[in-house]
Amino acid sequence: MSALTGTGTLTRFILRRDRIRMSVWTVALVGTVAMTIPTLDEAFSTDAQRQARAALMDTPTGILFGGPGYGLDDYTLGAMVVNELTMSLLIATAIMSILHVVRHTRAEEESGRAELLRAGVLGSGAQMTAALVTVALLNLVIGGLSGALMAGYGLDATDSLAYGLGLGLAGLTFGAVTAVCAQLTEHGRAASGTAFLAVGLLFMARVVGDLAERGGGPSSWASPFAWVQQARVFDDLRWWPLALYPLSILALFGTAYALAGRRDLGAGLIPARPGPAAASPLLNGVFSLHLHQQRGSIIAWSVATFLFAISFGTLATEVEGMLDSNPDLMAMLGGAAEDVTAGFLGVMSGYVVMAAAAQGILSVLRARSEESAGRAELVLATAVGRVRWYGAALAVGVLSTSLLVVLGGLGIGIGALSSTDDSSWIGTMLESALSQLPVALAFVAATALAVGAVPRLMSLVWAWLGYSVFTTMLGALLGMPDWALNLSAFGMLPQPPVEPFEAAPAAVASAAILAALVLALAGFRRRDLAVG
Amino acid sequence: MSSPAVDARGVDKYFGRFKALDGLDLTVETGQVAGFLGPNGSGKSTTIRVLLGLLRADAGAVRLLGGDPWKDAVALHRRLAYVPGDVTLWPNLTGGQAIDLLGRLRGGLDRGRREELLARFELDPTKKARTYSKGNRQKVALVAALASDAELLILDEPTSGLDPLMEAVFTGCVLEAKEQGRTVLLSSHILSEVEKLCDTVTIIRQGKAVESGTLEDMRHLTRSSVRATVTGDPAALASLPGVHNAEIDGDRISMDVDNDHLDTVMRSVTDLGVRSLVSNPPSLEELFMRHYGDELAALNGNRGSAA
């Protein structure tokens, strides 16, 4: 029996088990491409319009979510698609690949299902291989269809092919990064956390490199986020940067297999140690229990958000550098260097709020998994009431989300201070992030309401977050109507420093959040506990 | 006598269209050990969760320790301790931490008894819960429950993961609890366990209580198995009222006797001159088989036709 015995069966099983999940990702991502191409074509139909757009892409914010800027000199439809869409697609495929690989490797081991399978006729490497085969399939189908759509729209077929291939390989690379992360700890959650952190760092590496010099600096080349665009598709196509993908994929898979071969099933490379025989006096209630359960995750999110915020903040220097070397840019963006920097940092603090919202959703969902696992039953059978248990869980969600928002604002401020020597940034950026606190908490409240009253609707909260992020990143570009943009949570409230803070909408939002939390508690008190 | 510790009348519970409990009645008198017997999926755990106020009954009346388990959950839970059938713990807490936490949430536990129970159940409290087997997770919940001073213990198949040695420890603990005057509701599908521990038994099937009473009462409803060697011809015994499944082999006879006819049958046996006599009381197994016998027969029938 080889290490790969049973891989085929398992691969078919994963395709069967995840057929809906995989189809949704494919339709969503390919659909975005399908929707974007004609919209861009119509919205920017003249050369003048396209060059105006290209100038915008040459700004710091443009580079952050655009890329190194190939093809901006002659901003044809193909170059436009590549510059406008690549980062959104890569971030989405990274999330997809991380979730997929962890779900079919470490999460299976953690749940004990892997033990059941491995006791059968199944090779030791079969599960990881099946996870990687399916993630490869998923990414290549998405990349392939995207490329085919572009070629079908009349764009150059060779460039379309290269682009589609690059997208697919980039997604697969993120899957390979995850396969390594999944070997390190015993927990699926920690594995995906590590992978998200690794991918986040790779993204930052590209941003730093691309902001440093036109066409990307050395740190860009360290990042798989860069290689698709370094192939200069629809500009001056060169294939060799794409070869970096298979090379790194092979190296990462090799590492993952080597690590997997050195450990027991279910074990991490970092072994578990015995713990205290008695609980500390601090662990004396449901709030401290919830906090104890989420401690690691809250610390990880806080550290990651703070560090990313600081590094976003330090990009202020790059922004000022660009403005110095390109006075026209300042004129185009209309105004003083400070306003441009403020606009850029304001966008950054928007992303901090997105991270806080995602953490808030996950935090409240922990209460749900406590419930489905049967641990809530154990606690609620003691002298702890429903409202106290769920209220404490929601308090942890609200507090941790607020902490992230504060740390994010503070981090951007500190980063900006360190690069501009202007200490007023700390206050400005804190205000900017805090003005959006109700937006992040709205996701906490929505999740709370779903879990408390109508658990069936839980996935709608993710859909809302996904939609809100999507419209923030692409809504204006795609010319989405105002009512559709208004459904997004981000942009609900005016955000300093670009817009002045307004108390009235913030108060209304806070009241609505409070009402939703109360309803959530009432709902949880009335419904049956999910058991068994 | 004071009001019963558990008193459920005509309880219905639906999960969607599935009727999990169908007019269930269950009474546990204070100070008694009550067995709650039924196969998997018969509604034992659902009943217990209704008693704990985790699920709300769709119909019927439920009283627990004199209160409403849904409305007065917190106050009632201070007076009871619960061990679920499938114990899940917090993977990153040690067994000792989980025991202390559950104790504190209930309102305190006896340190001395905690240490004693840890030793008796041979449980290592420094291990993280994720490394525990099913049996060890169950021990954590058992120690937490037994170290409390709860007046009512609700135990849902508490021995399903324990080895025979630990089962014996468990039996000892329940008997001690009974001596201390605590009330115990013990759900199980292990007949010998219920027979050993329980004063009363309720047999549940498809969400309905089909039989309940003291073991004594129930034994009266059934048959004892009697084997005797007699001087005379035992053939006459076979036709007596209340005698079933008589098998005669020379001067030996084995038969099942209805308990209300036991007296007359025994007189006839002694009239024939007894040389040896063995009589076994009906086991709970037989009671159980009587209520699930048709299911078993159907199962065997299916197997027969499949083969």
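Heads up, the Cβ atoms here are built off N, Cα and C, so glycines get one too.
If you look up TrEMBL, you'll see A:22-40 (among others) marked as transmembrane segment.
Among the features that TrEMBL reports, transmembrane segment is placed at A:75-99 (among others).
Residues or ranges marked as transmembrane segment by TrEMBL: A:120-142 (among others). Same-chain neighbours of the transmembrane segment (A:120-142): 1-7, 10-11, 13-15, 18, 22, 25-26, 29-30, 93, 96-97, 100-101, 103-105, 108, 114, 165, 167-172, 175-176, 179, 253, 256-257, 260-261, counting only residues six or more beyond its ends whose CB sits under 8 Å from a CB of the stretch.
Within its own chain, the transmembrane segment (A:162-184) has Cβ neighbours under 8 Å at 82, 86, 89-90, 93-94, 96-98, 100-102, 105-106, 128, 131-132, 135-136, 138-148, 150, 190-192, 194-195, 198-199, 202, 224-225, 227-228, 231, 233-234, 237, 239, 242, 245-246, 248-249, 252-253, 255-256, 259-260, 263, 268-270, counting only residues six or more beyond its boundaries. Marked as transmembrane segment by TrEMBL: A:162-184 (among others).
For the transmembrane segment (A:191-209), the residues of the chain that approach it from at least six positions outside its boundaries are 63-64, 68, 91, 94-95, 98-99, 101-102, 105-107, 174, 177-178, 181-182, 184-185, 216-226, 297, 300, 304, 308, 311, 315, 318, judged by C-beta separation under 8 angstroms. Taken from TrEMBL, the feature transmembrane segment covers A:191-209 (among others).
According to TrEMBL, the transmembrane segment annotation covers A:242-260 (among others). A Cβ distance under 8 Å defines the sequence-distant neighbours of the transmembrane segment (A:242-260), meaning residues of its chain 6+ beyond its ends; these are 124-125, 128, 132, 162, 165-166, 169-170, 172-173, 176-177, 179-180, 182-184, 224, 227-228, 231, 269.
The transmembrane segment annotation in TrEMBL covers A:298-317 (among others).
Marked as transmembrane segment by TrEMBL: A:342-365 (among others).
The transmembrane segment annotation in TrEMBL covers A:389-417 (among others). Note on the transmembrane segment (A:389-417): residues 285-287, 289-291, 294, 298, 301-302, 305-316, 341, 345, 348-349, 352-353, 355-357, 359-360, 363-364, 366-367, 370, 376, 379-380, 423, 425-434, 436-437, 440-441, 443-444, 447-448, 452, 517, 520-521, 524-525 of its chain, located 6 or more positions outside it, place their CB under 8 angstroms from a CB of the stretch.
Residues or ranges marked as transmembrane segment by TrEMBL: A:437-454 (among others).
Feature annotation from TrEMBL assigns transmembrane segment to A:461-483 (among others).
Residues or ranges marked as transmembrane segment in TrEMBL: A:503-524 (among others).
The stretches the transmembrane segment (A:75-99) and the transmembrane segment (A:22-40) are in mutual contact, each linked to the other by at least three Cβ pairs under 8 Å (pairs 6 or more apart in sequence). Outside the transmembrane segment (A:437-454) by six or more residues, the chain places 353, 356-358, 360-361, 363-365, 367-368, 390, 394, 397-398, 401-402, 404-405, 460-461, 464-465, 489-490, 492-493, 506, 509-510, 512-513, 516-517, 519-524, 527 with a CB less than 8 A from a CB of the stretch. Two recorded stretches are said to be in contact when at least 3 C-beta pairs lie under 8 angstroms, sequence spacing 6 or more; the transmembrane segment (A:342-365) and the transmembrane segment (A:22-40) fall short of this definition. Remote same-chain partners of the transmembrane segment (A:503-524), defined as residues 6 or more beyond its termini with a Cβ less than 8 Å from a stretch Cβ, comprise 386-387, 390-391, 394, 398, 435, 438-439, 441-442, 444-446, 448-449, 451-454, 492-494. If one looks beyond the transmembrane segment (A:22-40) by at least 6 residues along the same chain, the residues whose Cβ comes under 8 Å of a Cβ in the stretch are 15, 77, 80-81, 84-85, 88-89, 92-93, 96, 100, 134, 138, 141-142, 145-146, 149-150, 153, 155, 470, 474, 477-479.
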